[in-house]
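Here is what TrEMBL records for this protein:
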- K200: active site, N6-AMP-lysine intermediate (ACT_SITE)
- D119, Y120, S121, Y122, D123, S168, L169, E198, R221, E256, K372, K396: NAD(+) binding site (BINDING)
- C490, C493, C509, C514: Zn(2+) binding site (BINDING)
- 676-743: domain 'BRCT' (DOMAIN)
Amino acid sequence: MKPRQVQLDLWADVDAIGYDHAADEDTGNLANDSTIAVKPELQAQAPGAAVEGADTGIDRPDLAATVEPEKKLKEAVAAALAKLDKTASPELREITELRAELNFHNNLYYVEDSPIISDYSYDAMLRRLEELETAHPEYMTTDSPTVKVGGRASEKFRKLTHIVPMQSLRDVFSREELQEAVERMQEQLPVGAELVVEEKIDGLSVSLEYENGVFVRGSTRGDGLVGEEITENLKQIKSLPLKLQKPLPYLEVRAEIYLNKENFAALNKAQLAAGLKPFANPRNAAAGSLRQLDPRITRDRNLSFFAFNIQRVEGITFTTHDESLFYICNEGFPVVYSSFAHSDFAKIWECVEKIATRRASLPYMIDGAVIKINNLQYREKLGVTAKTPRWAVAYKYPPEEQETVVKDIKLQVGRTGKITPLAVLEPVMVDGSCVSSATLHNADYIKAKDIRVGDTVLIAKAGDVIPAIQKVVLDRRPLKAKPFVMPDKCPVCGEKLIRRKENEVDLRCGNLSCPAQVFRRLLHMVAKDALDIADLGPAVLARLQEAGLINELSDIFRLAAYRPEMLNLPGFQQKSVDNLLNEIEKAKVKPLDRFIVALGIDYVGVVAAKKLAVAFRKGGLSALAAADIETLLSVETIGQTAAQSIIDFFKRPTTVALLQAWQELGVKPASPPLIEENGVWQGKIFAVTGTLENYKRSEVKQLIEARGGTVANTVSSKIFAVIAGEKAGGKLAKAKELGIPVWSETDFAAKLSSMAK
């Protein structure tokens, strides 16, 4: 049978690296994507939209980063609510939902460096939670976002406990709020207590430790109590003093790492020239650059820093904050811009406004001003809360707004068939990056803001990341601008659009065979958290779908039969094709939880998939498909909504056909190993370095943990053994220096084999 062909067009910057699993360790990158052509006869269905084929069907690259987080947020909230008793009060349910949302956004901001909401939205949720917890102290917990800094230490780096917690600052958003905060500080201090005003650098907070004048240790904030040690990466920052002119027994400096605007532009230009993905903004780029496993990459990113506080010191004393900054400035530290000390609020506000007027012309990004007590003894008197110091506050400037023009409104078709309008904008620089599009969410959103093609609009970034239209400049609207009307048919396949529920605002394409939906489901299936087939990036998938070689999920495992056809496609070389087919063959026996994620079941994320895989390890997908509601509800993290979603999913004829096809094609998901409470490697710590031929690092980690051991990211005297592959780096040299046993990949496999006997 001749493969069915689908017309596809690609964005110019689409690469074949992969979807959500690029080869490097960067965080916060934008995902590249592909697009599917719209049928010409459907282009006229949306007056004012002027939908064209090359730019419709698949989510835009600059919006792809918001798709999965929004879905995972819903799953996180659903999982949290599922743990509550059915008799839980409305207040407890709201508190639980707010905590789940805030914890999710904290993780995006502090750990993944990819926020998707504005500071204003976050602060509104946090204050509502504070109100509820104050009114209902019986529901208070020690891990609530109201008392805990948001992040956590990454597993990639060694964890380091902060002697003095790295707290966050309380945010305020108006002059009135700031004045109230300042007066609250001053009323507890002697008359005339002064404050200083500093730029709030938009970067990544770190701790820098010096012993006897030598830089010995550096770490990230993490959750405020435990951070990541990134000493070697920090040493790559050219402006960071490695040795002090006047050695002190001990000095800890808190600083903010950033990437200036010029270097950010150069970095993104280099990324695009190399066929890689650009960064969303300078903060994401700085955070990703600092969290590299290879310090040489950090060095090449040209990061900078500003010191903003001496946290601990031995051998010298200071009376005021500005005195301490002057000292470290003389020691070679770049110091954050700080005003003269003032006690009068009018003068303080004048300093805040002065920084605001300079904001756009600064060579680096700032997102506010920090107002803090100058006298260090007064700071001790005011103290701290569990989360924030009482002697400082951050004033957050409103998001920068820029005018631009809506050139077009195009339509996207998501993995679940959701139709999302997209505003195509005249490119404009906003907060250090070029914005050329913004999501319009749905028809109600467009109608509420009355957005039309040709309109001049004010655009800003939510959380300084996601472009959003703030309002239309009505007095500059073209006379012929027409209201946008959503089509009644899918712009890709022509299927009549539906609403899954009554009063649902989103329109969806109900055709599960719609090429756009299939494409998005394919991307999800091969993504890092699913089958992790790195060579099947969006560009490769688009070409295979265009050639008619992939039309449904099971077709990925049929590609071996079309090897000759693949070799005839432009850009497909024998080696790359064979590598891809080899990756696909290995994917047939990936762990069960990855297959569950690959299916894309609503309300079932990575964590839930792992729990389900353990619960159904004996029967696999067949047992999961046959499970009843009671059985599913007995699985940890699975609530009523997720359980019903699972049942509905496996009832679909397309799902039944998919599972049957997978079975016929030799797909055999591996059951999760039983964790040995007293395994042979109980308490043993391993390290892995180099490239392994038959294992991925995640697989090695899983195999070790199943036998009671753990895997560290650095080599120290506590390491039991180092597993070394080809091109092993510094870890191998360190292991030999410390006399730690080194196992080859063959050694590791042999030890696993001997345990099985």
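Easy rule for this one: first residue shown is 1, then count along the chain.
The backbone N, Cα and C atoms fix where each Cβ goes, and this holds for glycine too.
Any TrEMBL annotation is an automated prediction that lacks curation.
Mapped onto this structure are the features recorded in TrEMBL.
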residue : record                                  : DSSP class
S121    : NAD(+) binding site                     : helix
L169    : NAD(+) binding site                     : coil
K200    : active site, N6-AMP-lysine intermediate : strand
R221    : NAD(+) binding site                     : coil
K372    : NAD(+) binding site                     : strand
C490    : Zn(2+) binding site                     : coil
C509    : Zn(2+) binding site                     : strand
C514    : Zn(2+) binding site                     : coil
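The sparsest Cβ neighbourhood within 10 Å, among the listed binding-site residues (L169, C490, C493, C509), is found at L169. R221 (NAD(+) binding site): 24 other CB atoms within 10 A of its CB, across all protein chains.
L169 (NAD(+) binding site) sits 45 Å from C509 (Zn(2+) binding site), taking the Cα positions as reference.
Long-range C-beta contacts of C514 (Zn(2+) binding site), restricted to its own chain and to partners at least six residues apart, with a cutoff below 8 Å, comprise V413, G417, C490, V492, C493, E495. Confidence in the domain 'BRCT' (676-743), given as mean pLDDT, stands at 83. Shown in sequence order, V413, G417, K489, P491, V492, G494, E495, G510, N511, P515, A516, Q517 are the same-chain residues outside C490, C493, C509, C514 whose Cβ sits within 8 Å of the Cβ centre of the Zn(2+) site.
Checked against C509 (Zn(2+) binding site), the binding-site residues S121, D123, R221, K372 differ in C-alpha distance, with S121 being the nearest. Cβ environment of D123 (NAD(+) binding site): D171, F173 lie under 8 Å away, each six or more residues apart in the same chain. Here the Cα atom of R221 (NAD(+) binding site) is found 16 Å from that of the residue listed as 'active site, N6-AMP-lysine intermediate'. Under DSSP, the residues of the domain 'BRCT' (676-743) split into helix, strand and coil as follows: 18 helix, 16 strand, 34 coil. Set side by side, the recorded positions K200, K372 differ in how many other CB atoms lie within 10 angstroms of their CB, and the most is found at K200. The two recorded residues K372 (NAD(+) binding site) and the residue listed as 'active site, N6-AMP-lysine intermediate' have their Cα atoms spaced 12 Å from each other.
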